Amino acid sequence: MELNRLQRSFLEYTAALFREGFLDSQFSQLYQLQDESNPEFVVEVVSLFFDDSERLINDLSRALDQTNVDFKKIDAHVHQLKGSSSSIGAQRVKNSCVSFRNFCEAQNIEGCLSCLQQVQQEYLLIKNKLEALFQLEKQIVAAGGAINTVEWML
Amino acid sequence: MNLGGSRAVNSLTIQSSSTTRRPGDGVVDPFPAGLRVLVVDDDLICLTVLERMLQKCLYEVTIHNQAEAALELLRRDKTGFDIVLSDVHMPDMDGFKLLECVGLEMDLPVIMMSADDSKDVVMKGVTHGACDYLIKPIHIEALKNIWQHVVRKKKQDRKEMEFEQSGSVEDGEQQQNPLEDADYLSSPYEENRKNSNKRKDEKDEAEEMDDTSTLKKPRVVWSVELHQQFVTAVNQLGIDKAVPKKILELMNVPGLTRENVASHLQKYRLYLRRVSGVSQHPNGLNSSFMGPPDVTFGSISSLNGLGLQALAASGQIPPQSLSTLQAAALGRMAPLIDQRNIFSYENQKFRFGEGHQQLNDNSKQLKLLHGIPTNMEPKQLATMHQSAETLWECPSPIPIKPKRLFSDTVGSTTIKESYFK
């Protein structure tokens, strides 16, 4: 049946995301917070994350482009990105922020630039994957089903 | 359930209620459901997730992404919340500053949060009086039990008051009747609540305090000016001999009752005691604290960014100016003071236990900031220290709340013009 197939795809897809370290247990917590009174919670929060991250990444590239680089400001931005990515379980984005902060502390511009690139890459990756995931969810709901996260067991 | 309108990044307040029990359901006690939590964090994603988690715990959540606005909200209604959760790193106000203000003005339990789990920062949380420190990302399990801090605080307040009662701690101390201070202790659970749900702990409090907690007394707002009069009166009488009745007479404020003064005096004494213990606790060394109480003001200029608060606290400024300065510094963020630097959070020297030199700086810093009366004899300090020590042996840790508002103004009134830049 179509619904079963969709639901199986959903589980396999998310399992892969967890396995490959794109997402961690914090992400599954988000689903626990979703219920009848907040049926779109996960999509809402993740959308917030997308908006916020894009803004931060733009701010970061601008800041690194200055003649006098303000490492404190950059560190603050990265700290925030680290916080928000960890809040939704975007593990690889979070990890790239950790290395970024080390280079900030060392005031190493080259290092920072390469970290920024990495952060951007990871962000785009997870964005694509989550958008695909939400598409799948939509299809499941449209087919009359519901998202089943029990089997995540995280 | 309505989650509120736009998600603008500017000051955002969303109040959501998730209590579903109505009075008359009868059987089950809702507590800790309905616990009123204020969350302050500049990260909107974090705020959103936390809000949802707290709602799931059946708490009544209000979120704010601007610390200043949150503080204003708290000031407008000091009994409107039971507990505050605050992020450490925020652009408009340092989390530790918020922590202090809340502890100072509202005496609420505050939990700090951060992705930063470095020992120094967690230690800062401890020394500034946070009742807990949560590492982000926060799990809902960690939030389920935050109500314990509210209950614990009540118990501690009562215990400290009993300490006062026993009279074994300080010599010549006037015995305080616990019943008269009941209004102070039960104030966060005052009758004027929006939620008509009577919580079981409210009733418990009433029972334990022999019914006097049900007295409906309007809360006195201890404004800067009023507190100044209080401190002046206390100093005139001498801290050991200051009794509420005499203080009241000296203050001569119409409408102020002996009970108001008594509970304020109790808080003030606790503050003094804690302040004497703060420079002790982080490192356990006694000798440095016993240094000369007369801190020279040559050292002030070397403490960057401490601003007028430090000066005020060190008692070199006359009451009138102090009131103005405190008002400016405390509530309205006067431009001349860089509030965020007051404790030099980024200052690497602010590490406990890293050598005697650092220690002295710390002690001095803390002393200046928390206004230990400069005319205190070393013996008096010793007494305070001993009482602080006794308190530290209590089974449950007593949060340290540096109460800058209570800074003493004893001392000469010479003002060094150069400090007022």
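Here the Cβ of each residue, glycine as well, is placed from N, Cα and C on the backbone.
Averaged over the domain 'Response regulatory' (B:36-151), the predicted model reaches a pLDDT of 91. Annotation comment: TrEMBL describes B:36-151 as domain 'Response regulatory'.
What TrEMBL records for B:Asp87 is 4-aspartylphosphate. Taking a C-beta cut-off of under 8 angstroms and a sequence separation of 6 or more, B:Asp87 (4-aspartylphosphate) has the following same-chain neighbours: B:Val40, B:Asp41, B:Asp42, B:Asp43, B:Cys46, B:Gly95, B:Met112, B:Met113, B:Ser114.
Under the heading region 'Disordered', TrEMBL lists B:158-214.
Marked as compositional bias 'Basic and acidic residues' by TrEMBL: B:190-203.
Residues annotated as domain 'HTH myb-type' in TrEMBL: B:216-273.
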B:Asp87 (4-aspartylphosphate) in three-state DSSP notation: strand
